[in-house]
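Here is what TrEMBL says about this protein:
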type     : residues  : note
DOMAIN   : B:2-57    : domain 'Cation-transporting P-type ATPase N-terminal'
TRANSMEM : B:38-59   : transmembrane segment
TRANSMEM : B:71-90   : transmembrane segment
TRANSMEM : B:232-256 : transmembrane segment
TRANSMEM : B:262-285 : transmembrane segment
TRANSMEM : B:789-813 : transmembrane segment
TRANSMEM : B:855-874 : transmembrane segment
TRANSMEM : B:894-913 : transmembrane segment
TRANSMEM : B:925-941 : transmembrane segment
Amino acid sequence: MATLNEKKTCSERMENFRRFVWNPETKLFMGRTLINWVWISLYYLAFYVVMSGLFALSIYCLMRTVNPYEPDYQDQLKSPGVTLRPDVYGDRGLQIYYNVSDNKTWEGLVTTLQTFLTAYTPAAQHLNINCTSDTYFFQDAFDGPNKTKLSCKFTSDMLQNCSGITDPTFGFPEGNPCFIIKMNRVSTSSREACSLLYKQGDEPRLLEVDYYPVNGTFNLHYFPYYGKKSQPSYSNPLVAVKFLNITRNVEHRIVCKVIGAGITFDNVHDPYEGKVEFKFKIED
Amino acid sequence: SQGLSSAKAAEILVRDGPNLLTPPKATPEIVKFLKQMIGGFSILLWIGVVFSWISFGIQLAQGAESPFDNLYLGVVLALVVILTGIFAYYQEAKSTNIMASFSKMIPQQALVIRDGEKKELPADQLVVGDVVEIKGGDKIPADIRLIFAQGCKVDNSSLTGESEPQSRSCDFTHENPLETRNIAFYSTTCVEGTATGIVINTGDRTIIGRIASLTSGVGNEKTPIAIEIEHFVYLVAGVAVSIGVLFFIISVSMRYKILDSIIFLIGIIVANVPEGLLATVTVSLSLTAKRMAKKNCLVKNLEAVETLGSTSIICSDKTGTLTQNRMTVAHLWFDNQIYSADTSEDQTTQPFDQSSPSWTALSKIVTLCNRAEFRPGQENLPIMKRVVVGDASETALLKFAEVILGDVMNIRAQKKKVAEIPFNSTNKFQLSIHETDDPNDKRFLLVMKGAPERILERCSTIMINGKEEPLDSEKAEAFQTAYMELGGMGERVLGFCHLYLPENEFPDTYLFDTDSMNFPTSNLCFVGLLSMIDPPRSTVPDAVSKCRSAGIKVIMVTGDHPITAKAIAKSVGIISATSETVEDIAKRLNIPVEQVNREATAAVVNGMELKDMSSQQLDEILCNHSEIVFARTSPQQKLIIVEGCQRQGAVVAVTGDGVNDSPALKKADIGIAMGIAGSDAAKNAADMVLLDDNFASIVTGVEEGRLIFDNLKKTIAYTLTKNIAELCPFLIYIITSIPLPIGTITILFIDLGTDIIPSVALAYEKAESDIMNRRPRNKRKDRLVNEQLAVYSYLQIGALALGAFVTYFTVYAEQGFLPSTLLGVRVNWENNAINDFEDSYGQEWTKYQRTYLQWTGYTAFFVSITIQQVADLIIRKTRRNSIFQQGLFRNKVVWVGIFSQIGIALILTYGLGHVTALNFTPLRFQYWFVAVPFAILIWVYDEVRKLFIRRYPGSK
């Protein structure tokens, strides 16, 4: 083995390496002739071009087979998620803390709501139609413009006291703030009725709140959602909640569940599936 | 004498310890264990562990939401290192244990006088002062001083290298204990005679114990496979570190957070390191070791399995390894003609012409003039296997006679022996006088055997075709020619003569007196010659020719006489029939040796010449001659020869049995000790033990060693291939910010889960072509992992990442995220504060729903890699041949591998798919098939490549 472990000096190693990079006697560059390198490079170039082509072809075939209107599967979207506005996240999920007497603590929250509701102005909703029926709005044909389906109008004024129109500060300075509950869009042919229920703390109990629209329900005519391509102007229906008589300087843990057929909220891993949990505290 | 009392002996035993050689100091177990923990890739993985924990610490300090992921990752990585370390350690310990159990299998017994009684005791119970009895065939159980000896001869070859047995007596003849005649040494053998002696040294204090402890001074060299694996580890680690660092820099300059970049780095390292590979290599080697053990090659050091395969020179002992280690009658001369006898291991008949009355006379002498006897109770054993009491030549004659005549003991009993003069070195003959079994013939028969020239001197007639004819000069000439011819074949020649004593002079009441020799010992009738040799094992010539075609040079190193050595070398093919030594050429051309100017291919080098040679001269001999025999060499010279061979850059295998061989065994790249004849010291120093002492077993070992090297290449190629498929996801994730296609934990499940059994299965692959027709690999050029293998695995077959990516995109697209939406989403995708993330269809996803989808992506990616690894496994079965030439179903274990791979994947996906921590999800069934076309493509591509390789061999 002795022969293999011969110690080489550093300069010898460098010399060997130089010789490997360019050997003037055999005209080898890194162990191959230049022309050989060219062929090899061309081969790899061709190889990767073909591979990329194959990949492109596969993706093309994939795009041809997927349904352009609705996803083929909704394995992960068995039940829609629920979100809250304003959405301020702390270490462990939503945390909405503010001080009534300190403008700065709630102005940001109010701006979030105002920005959020700009999508619900009559101007933003002008493509959508007024719906009055209280049942599902099934559409088999593409009745809308450019081969789309129609969507029902949801404007911020439907949120009445929480619309930001009558009260631009959404009740924050008074200590009776508005929160807006939004259910995630999930493309499904039929979605059952939905309503809201509030609970708090370890012993669940209903809180004293006002719902807008009244009863805190999402009207059925906003469902089903046919997907972005069918309903490009669709906007999620909202429910606003105005808290009344909130004990101040106490952290409230609040869970807002969406009750409805096909909606589950017992997934231990997902705090936002079928429900939204948040902490809420108003200070003086 | 009464010997020691048991109580006293027990007392001394406690004081001195058992009569054993302390095995060479083993590396402490904990050091071995720690070596496994930090060897190979473990260092890289430990770096990964440290990084994981550092980032855990930072995240914890920053109060991030899920810092424990990194803690767990670190723990898992640490577990991986520790478990693979424990596994490798266990494997190594297991193979060492085989050895330990082996040396305990044959406990040596000694006949001791204690409390005035003879007792059989295990030799390790002997203590200083014990009185032991020794007889021919025994191993001397300790260093003893003889107090009684009768015809005692010992074979000191294992100690001093002298091959001739040396006589021992009670006389103190020399100051030097090694020279004096009244001391017999531990582990040498008593060849003949009996003796009684007092134990003077036991265990490590014996002469041999002192030599054995010197042996541990010769350092252990790294085995070729260890060098290869190190080379491979450096290569992969180099790739891992450079890609890791490169992408660390890229990700930092792409404004990723340092913490994220570190996590990427961990992923890249984990993806690049084939965690399971070293364990796989160990398993493959131990499987081969097991297979070799079945073929009588017991491997002590797992890595030696491969060393044997790369062997380019075998320095072999003659006695016992190439030969049967027993004298056998090879030729006969009577009626002016030489007859050959059968010398194979299991002769049952002798085919030469036995019709001549001369043979009848000769056979009588052979039978009667012989003191050797079979030990009783062996009637059912084959003749060649029976144990005989007597010296080597007499044993040979006894067995020879038994084969031809049957029941020699009975024949002797019928022809009663009336007088006998045993062989001694002054008269160099043995004589006995017998009655005949013919009741009408009252004559006595005098039979004599001995050194041919001495016997001839005592003869006046010679028997030709049963008739006594006068011994004239012409007949004496014929005798000389035959004697020279037989002697020239390296055989030990004995002459035989007889005389029927005249009845009138020697009536049946005649009293023979061997001291006054009152009977004629001259003017006898010469009957014939018998020559004996320790014949080559019948499997050896074939094995030697196999070595030749395998490009392995076989060098014979023996303590025997050059003529004998050369004769055996010729008969087994170490010196081929056509080649000549310088001396042969000189003799043929009738010129002095110095004038021979042609190079001879063969050389017989005498130990005396070797002594005066410089290392350059030795190198010249080793270089210029392809067929070399070293005769009359001492075990020390063996070491010089081994070093000479190693200077030629050869991987040298050395066989040896004696204690003095141990330095050479240690020095050799692979030391092979003899399992039967070998001393414990030799076995300790060796890397391998030949259980049957047969040279042919070495050749099967070489074959296995070469096969495992080929198969390890396949295993490594198989394992390396998926590295790219594991690495690409990270690189593409960093560059294009798509959701992470495969997680670190998932990668570990591939490396240590689905891929393990298939890669071991490749070790069962049969050889593609006759590996014994190849030259041994050049250890500087034929690397285990060379540029071609790495480049082909990484850059070409590594394209199987493609299939996995297609599956990944398919899963995401069919669940709502079309490929175009995925690019650049990483930051929002991973943001915990976004729970209404919009997909291509306008649907909104919570963080957990996205994460779950990401895990589904991991699972899909994992499944695709598994499916494509099936194709990879099939293509790796061969390196040149088409799969169809090799046979798709010949290696059943590969199919076990394939089924296990898919089975494990199914269990992980559907069985453990609900365990969140493992990041697997139950996958829709159709996603298993997305990668199938790519798997088929890999197979087809590789078949085409192999076709080109076969069509245009040798091109780069």
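Positions of Cβ are set from backbone N, Cα and C atoms, glycine also.
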Discussion item. Does the transmembrane segment (B:262-285) come close to the transmembrane segment (B:232-256), meaning at least 3 CB pairs under 8 Å for residues 6 or more apart?
Written reply: yes
Practice prompt. Residue list, the transmembrane segment (B:262-285) vs rest of chain: Cβ under 8 Å, 6 or more residues beyond ends.
Written response: 40-41, 44-45, 47-48, 51-52, 54-55, 70, 73, 77, 80, 84, 87-88, 91-92, 225, 229, 236-237, 239-241, 243-245, 247-248, 251, 256, 302-303, 305-306, 708, 711-712, 715-716, 719-720, 723, 726-727, 729-731, 733-734, 744, 747-748, 751-752, 755-756, 759-760, 762-763
Worksheet item: So which of B:38-59, B:71-90, B:789-813, B:894-913 has the most C-beta pairs under 8 Å when paired with the transmembrane segment (B:925-941)?
Response: B:789-813
Discussion item. For the domain 'Cation-transporting P-type ATPase N-terminal' (B:2-57), how many residues does DSSP put in helix, in strand and in coil?
Written reply: 37 helix, 1 strand, 18 coil
Discussion item. Checking distant contacts: for the transmembrane segment (B:894-913), what same-chain residues at least six beyond its ends satisfy Cβ-Cβ under 8 A?
Written reply: 749, 753-755, 757-762, 764-765, 859, 862-863, 866, 869-870, 873-874, 877, 920-923
Worksheet item: Looking only at the domain 'Cation-transporting P-type ATPase N-terminal' (B:2-57), what is the mean pLDDT?
Response: 81
